[in-house]
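**Q** Mind having a look at this structure? Questions to follow.
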Amino acid sequence: MAHNGGHSLELAAAPELDDDGHAPRTGNLWTCFAHIITGVIGCGVLALSWSVSQLGWVGGPVALVCFAFVTYISAYLLSHCYRSPDLEKRQRNYTYMDAVRTHLGEKRTWLCGLLQYLNLYGTAVAYTITTATCLGAIKRANCYHEEGRDAPCSAHDEHLYMLLFGAAQLVLSFIPNFHNMAWLSVVAAIMSFTYASIGLGLGLAKTIENGTIKGSIAGVPMSTPAQKVWRVAQAIGDIAFAYPYTLVVLEIQDTLKSTPPESETMQKGNVIAVLATTFFYLGVACFGYAAFGNAAPGNLLTGFGFYEPYWLIDFANACIVLHLLGGYQMFSQQIFTFADRSLAAMFPNSAFVNKFYDVRVPGLPSVGYKLNLQRLCFRTAYVASTTGLALLFPYFNEVLGVLGAIIFWPLVIYLPVEMYCVQRGILPWTRGWVALQAFSAVCFVVGTFAFVGSVEGVIRKRLG
């Protein structure tokens, strides 16, 4: 998403360029809100009723509200870092990494980049797991509908579905500029909203049908206190995965008009988006828990709490699969671009890295494709490795927990707090500094707790 003003030459005569020579930005409060919602609501929402069932009727909603507050603070701090602290230049930071480089220097930019790419890679693995679960759920829903609820409908094909998803992603990885297609994020937004709303509606309908609100104050009872502690940690990790959109705050801010100042629009957008998301998440999580109580499934739409209407379950799961097909590319293409650039810089004279071969597509003589061997090898290895890891660790809740927890403190809390202190010139041991560091310290403890618990869950399931 680096904007280098490359097309400012043909626009040079036009007076209405932005201050960085970029074509005028047109984003407003509502496009900002739409972008945030697209960034936040993903497959993490489906694990929330499971998280609330681990935490109980008091802890669950409180945890959701606390994470909403933390997400808002984090986005608030970051939105002030869009313009660099040098008041003379006021240069823009187009991405999260640009802001870290401007405010905190190269070392922490490396840390930021490493964690960001690790998170993108991990999300690709999580999407592979989720897709297989959803395809399995469609097959089972149809089987239960035809043969009755007691039929032995098991989904032993999930490994096959993962391999199919991997094969589809391999093909999509070679479509040039696939991730830049504007319709992709529109489709993703509609799909994620659709399946999350179906989850909400089914939970509400089931609660009304039961006539009672299930669940307990303390949540799911476990055989030992230690197991309960680990489960709570995983639940917190899952909530941490579902909320923050810190990584895209500056990219969204970079689409906004300069009048009123971008940070003002962004802050209004943050408030509206966090309120809307929290309302939605509380609805999905609490109705899911009210409907199933301590038996709330790990993934609301694939855990077979709902059997009918089976076509609606099928439709919701198909929406998830469509969302994830595009979502995988939106994340992975960032890694591909980074790899292409880095390798080209490291090996400027290598034909393997830099040479493109014209390939004719059989049966379509007019369609040419520019094949690059490095891309072929790197992208194939990348997709193969995400598919392989998904096959090794097909544990939806635990993997989401690890991903949510691993980036929670460094990327969502620590770097925004440090950048804000530099941006605002907050001196150590002043009141504001102490408050921010205390906030950071509390979040560090929570993030570490969630990370350890989620890793424990993955290992226990793998060895168990």
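Backbone N, Cα and C define each Cβ position, glycine as well.
TrEMBL entries are annotated by machine, without manual review.
The domain 'Amino acid transporter transmembrane' annotation in TrEMBL covers 26-459. Taken from TrEMBL, the feature transmembrane segment applies to 27-48, 55-78, 118-138, 159-176, 182-205, 271-290, 310-331, 402-422, 434-455.
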**Q** Counting Cβ pairs under 8 Å to the transmembrane segment (182-205), which of 55-78, 159-176, 271-290, 402-422 comes out on top?
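**A** The stretch with the most contacts is 271-290.
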**Q** Within the same chain, where does the transmembrane segment (402-422) have neighbours whose Cβ lies under 8 angstroms from its own Cβ atoms, ignoring anything closer than 6 residues to its ends? I mean 6 or more beyond.
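**A** That would be 44, 70-71, 74, 77-78, 80-81, 85, 96, 99-100, 103-104, 108, 111-112, 115-116, 118-119, 122-123, 126, 236-242, 244, 246-247, 433, 436-437, 439-440, 443-444, 446-448, 450-451, 454-455, 458.
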**Q** Are there residues at least six beyond either end of the transmembrane segment (159-176) with Cβ under 8 Å to its Cβ atoms? List them, or say none.
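**A** Hits for the transmembrane segment (159-176): 128-129, 131-132, 135-136, 325, 328-329, 332-333, 336, 369-370, 375-376, 379-380, 382-384, 386-387, 390-391, 394.
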**Q** Near the transmembrane segment (271-290), which residues from the same chain, at least 6 beyond its ends, have a CB less than 8 A from one of its CBs?
**A** 29, 32-33, 36-37, 40-41, 45-46, 48-53, 57, 60-61, 64-65, 68, 71-72, 75, 196, 199-200, 203-204, 206-207, 213-215, 242-243, 245, 296, 300, 305
